[in-house]
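My structure is below; once you've seen it, I'll send some questions.
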Amino acid sequence: MERIIEQIPRFFTADNMALLLQSAGLTLAMTLAGCLIGFCLALVLVYLRQTPGKWATPLRIICITYVEIFRRIPFLVVIYLVLFFIQTVASNASLFSIAVISICIYAIAYTAEIIRGGLESVPATQMDAAKAMNFSRLRTLLTITLPQAWPIIIPPAIAFAVSFIKDTALVSQIGVFELTFRGKELNNQGYSGILVFGTIAMCYFLMSFPLSMLGQYLEKRLATPRSQRTSRKIWRT
Amino acid sequence: MNYIFQYGVVWDNFGALMEGAWLTFQLGVFAFGGGILIGLVCASIKTYGPFPLRLLVDGYVVFITNTPALIQIYFLYFGLPELGVRWSNEACVLIGLVLNAGAYLTMILRAGFLSVRQNEIEAGLTLGFSIVQQIRYIIVPHIAKAVYPALANFFVVVMVMGTSVGALIGVDELTGQAINLSSINYRWLEYFSVVAAIYVVLTFVASIGLALIGRWVFRVQVKIF
């Protein structure tokens, strides 16, 4: 305990803090890049999955299998698979790009389900109307379904992105210089584990808490009236 | 790409992988069980408890859900020995996972608690139910029905995402076994593709089993796909 107190002034130096800030930036950059690219690709995946017609059955099966498989594999295993696969194909790929790719692969599987749920919440009559007006499928998606589905899609998508700020901690394992990696490094330099990992946890908290608050706020703002009904406490005396 | 897959070396060590899978399953079950206990206590406090306790539970839930599980487990593993508390690797992972699952399950169970309406209790009172009968026939079935699908999903999440974190502090569960074995002969791709397949099978069996249990016991439809 005395050791921790004695270390505090040595730990909270400008150098260490700059290092932590830099790695926090890297964590955020990875999450943002991975989740944005993943979200766009997930839109494509959902579009392909909803292709009508018998000839598209294999396409649908591929899309469903992709989602089902990657939602059931731990992120750590996905990181290792991507790392070793890419290193056998292109041995000089940067670790950062490998991290982003693995986040993308994972984000596609999860956000595809979120997007599908949002799209299916739009009444089917809207699509019939679009068909009656001879809209193409892409135009229906972009101008009719998506605008109505945004309120349903956005809050869980933000919640997912927030969960990914935390999941990027696992990327430290392949040697990307993000927060957790810095934490282990500082711990190896002899700083107390409680101090180091407490600080790192606070860094993650400061990044993820405002975003999850935003997600909750949007959920309240955008929610449909059906899910907004107030719930009363039971056993009120 | 001129990488040649040699799965023979994986099948030679398949037994070790299966042991890892068994440990993963056990860790998942215990972490989930402990999480349910914490979740029940915390959710009841958050719904019915006095204000200071509610604040405490809120702090716990917010802190745990906004920091990575890996950091929490590192904290237990690297931090606590400095205070003179020394646990084995498995204990660190298990305690970390229980605390982590407890926070999420608090939120899930609280949603279930809030879904019971005053009207239903009143209906029970009209029929002359005692408190115990109300709990037995109205509240528990209602909450169980509302919460079961989320719980079933969360069990899979704990078993897969949660336990794999343990590999990083040297617990030999499925991912840990894969790391150990593949660092001997560098057949990383083979080991990790097989391990991924084992995870898919494991969670598939778990979610189908849970869906069937839900169908029989609580009469709810749990989504498998």
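Our numbering is plain: 1 for the first residue shown, then up by one each step along the chain.
In case you wondered, yes, glycine gets a Cβ from its N, Cα and C as well.
Unlike curated records, TrEMBL annotations are generated automatically.
Fair warning: this is a prediction, and the values are worked out from it, not measured in the lab.
Summarising the annotation, TrEMBL assigns domain 'ABC transmembrane type-1' to A:20-215. Residues or ranges marked as transmembrane segment in TrEMBL: A:20-48, A:69-90, A:96-119, A:140-165, A:191-211.
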Would you kindly list the residues that approach the transmembrane segment (A:69-90) from elsewhere in its chain, counting only those six or more residues past its ends and only Cβ-Cβ distances under 8 Å?
98-99, 101-102, 105-106, 108-110, 113, 167, 170-171, 173-174
What same-chain residues lie close to the transmembrane segment (A:140-165): Cβ under 8 Å, and 6 or more beyond its ends?
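27-28, 31-32, 34-35, 39, 47, 103, 106-107, 110-111, 114-115, 117-119, 121-122, 126-127, 129-131, 204, 207-208, 211-212, 214-216, 218-219, 222-224.
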By Cβ distance under 8 Å, which residues at least 6 away from the ends of the transmembrane segment (A:96-119) in the same chain are close to it?
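Same-chain residues near the transmembrane segment (A:96-119) but 6 or more away: 26, 30-31, 33-35, 37-39, 41-43, 45-46, 49-50, 63, 66-67, 69-71, 75, 78-79, 82-83, 86, 141, 145-146, 149-150, 152-153, 156-157, 160, 164, 167-168, 171, 174, 176.
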